[in-house]
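Here is the structure we will look at.
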């Protein structure tokens, strides 16, 4: 699916405000950076300490394990580096107070100590960089899951590890090559980093507890324990808290009411989730989203979910009533689940005769519309950036490439030894060579020919710089995965694994590069020696790749019926959508779905609609310059709001929007001091408490398959929401309409 990503962090920062020339020269020309980032550096602070290696490795391993562990669950949870950033502070301080200060091999050139003094901010930053490697997800795992679980084909662990590591390291190569343009210039300011910089400063300030108030550490511990204790209810005892779809309870035998009210299989009207994993599963923490961004997401969700989808369904667009109103499944024209294995030949590519016999593949109308919305979000992002930020991007891009004078941060970083460019070039050449070898030697498993690897690399290197500039200035990254799927789908149809590999090497390696560049800039702001940063990122990337794959492999081998609907918890929603995309774009090919041989050719008009929408907002902003709110309409965010649907469901959005409104509007406006002091700490505590209880529940009860069978554990309580409403269609458990 195409996603228009609005970055985590302070999206209130919409664009840099350049300081005037007569202001002090010894600060960043970007006003927000000047107000947030310290302009001093204590180069005597130890960075590569024993504490850093222990806590950094532990954070990376834990986040990698937990994120992959939760990724296969019906309500996946992504634990961000902010959780580790907060959690390691008391651990670092404990190690500083308890570990021996003895100096080993004193007087010799290799002398060292396990405890060089107080836990300092530079160690903390490097631990967070380590943790970032384990935050999010390793996208290449989707390939392994799709091949092993969905296609039931063979892919070995060493080949899987090769794909995972080369994908991650390839992004590192692009980042290294472009860092001189995207990290060193002051104009490339990476707004999302300012939140973490603010948090570092808050956590390392001397804080005295005022009477009747809590310190940040105390607040974190209390919130963590509450989150830990509470998750036993939605996680085990009362799972219906994930989606309280009360409309279905009022109308237990009405298909229409359940289509409208189901939070997991319908439009989610009235549905609410009292489960933090459901709230933060796909859109990240709503506590980290400012109100204007939340409002854009809410508007986009309402338009797609409550206007576009019902209209298409009740006007029976693309035979919509033959299928469920909300589903990510693939169907035959008769409304039955499409048997994908029947159209795959012994060489693992499409059997055209079998496809023609079974008939064209159909999508639920909602699924087809979300692809259309993805098309629109792509062109909307390009047009929005060109119209609203084009001039600034051009001017600041020129200043980046021609910048002679350095800002204070770049000057301060000059005292440290830089990472030579040839290190990155060697990594890049070695990684590309390894990838070509893997794809050629294991072609039966990976399918991608050598020229596909080079074409994917060409796309990645072409897009990394412009998208890096856009992200570094506007805090938005266009979602270009559809471009890679489209290109290889037309050139090389019928090979699903080749399509998945091409997407991962072409698009995800670029996305990975953007993540690394953001980390580079964080290290730049916090004055971390570049070679130390390089070491931490390389080690963290390798550890994360191994832990992610090992965790996924363990879960796939040990959980029966994983990724099947029969599993109530392990339904792998994101992997299901990734698999569906490999069928649509890879196995069958875009020409037979969205092209002249397919059913959904008209969905391509969304490309045009997405291009026009920002133009209308731009014209309105120029016509009514006094109306400031018009400029807050961000069409890429608004149109791309439902880019995570499916696998995300309505209840994920409704709950996220409500919490985002309470945090970003109510508390931020009426209790700003509390919000500034506790908002991000609360977000990290909720993530961490939920994560630990989720693992405890699985290890103590899930492994032994100990469950409670009662109505409160019926996840949605809307059994009729998936029923079709076309006349004469019979589906088990559904009424027949006449």
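Note that the numbers count up from 1, one per residue, in the order the chain is shown.
Glycine is treated like the rest: Cβ placed from N, Cα and C.
Keep in mind that TrEMBL annotations are predicted by a computer and have not been checked by a curator.
Annotation source TrEMBL lists transmembrane segment at 125-151 (among others).
The feature transmembrane segment is assigned by TrEMBL to 157-178 (among others).
Per TrEMBL, transmembrane segment is recorded for 219-242 (among others). Same-chain residues lying 6+ beyond the ends of the transmembrane segment (219-242) with a Cβ under 8 Å from its Cβ atoms: 74-75, 86-87, 273-278, 568, 651, 678, 681-682, 684-686, 688-690, 692-694, 697, 701, 708, 711-717.
Per TrEMBL, transmembrane segment is recorded for 262-283 (among others).
What TrEMBL lists as transmembrane segment is 295-316 (among others).
Feature annotation from TrEMBL assigns transmembrane segment to 366-388 (among others).
Per TrEMBL, transmembrane segment is recorded for 422-443 (among others). Only residues 6 or more beyond the boundaries of the transmembrane segment (422-443), in the same chain, are considered here, and those with a CB under 8 A from a CB of the stretch are 159, 162-163, 166, 169-170, 172-177, 449-450, 452-454, 457, 501, 505, 534.
According to TrEMBL, the transmembrane segment annotation covers 449-473 (among others).
Per TrEMBL, transmembrane segment is recorded for 534-556 (among others).
What TrEMBL lists as transmembrane segment is 605-624 (among others). Same-chain neighbours of the transmembrane segment (605-624): 372-373, 375-380, 382-384, 387-388, 630-631, 633, 635-636, 639, counting only residues six or more beyond its ends whose CB sits under 8 Å from a CB of the stretch.
Annotation source TrEMBL lists transmembrane segment at 644-668 (among others).
What TrEMBL records for 680-699 (among others) is transmembrane segment.
Most Cβ pairs under 8 Å to the transmembrane segment (534-556), among the stretches 125-151, 157-178, 295-316, 366-388, 449-473, belong to 125-151. Among the recorded stretches 157-178, 262-283, 295-316, 366-388, the one sharing the largest number of Cβ pairs closer than 8 Å with the transmembrane segment (449-473) is 157-178. Contacts between the transmembrane segment (644-668) and the transmembrane segment (157-178): absent, as fewer than 3 C-beta pairs lie under 8 angstroms at sequence separation of six or more. Only pairs six or more apart in sequence are counted, and the transmembrane segment (157-178) with the transmembrane segment (262-283) gives fewer than three Cβ pairs under 8 Å, not enough to call it a contact.
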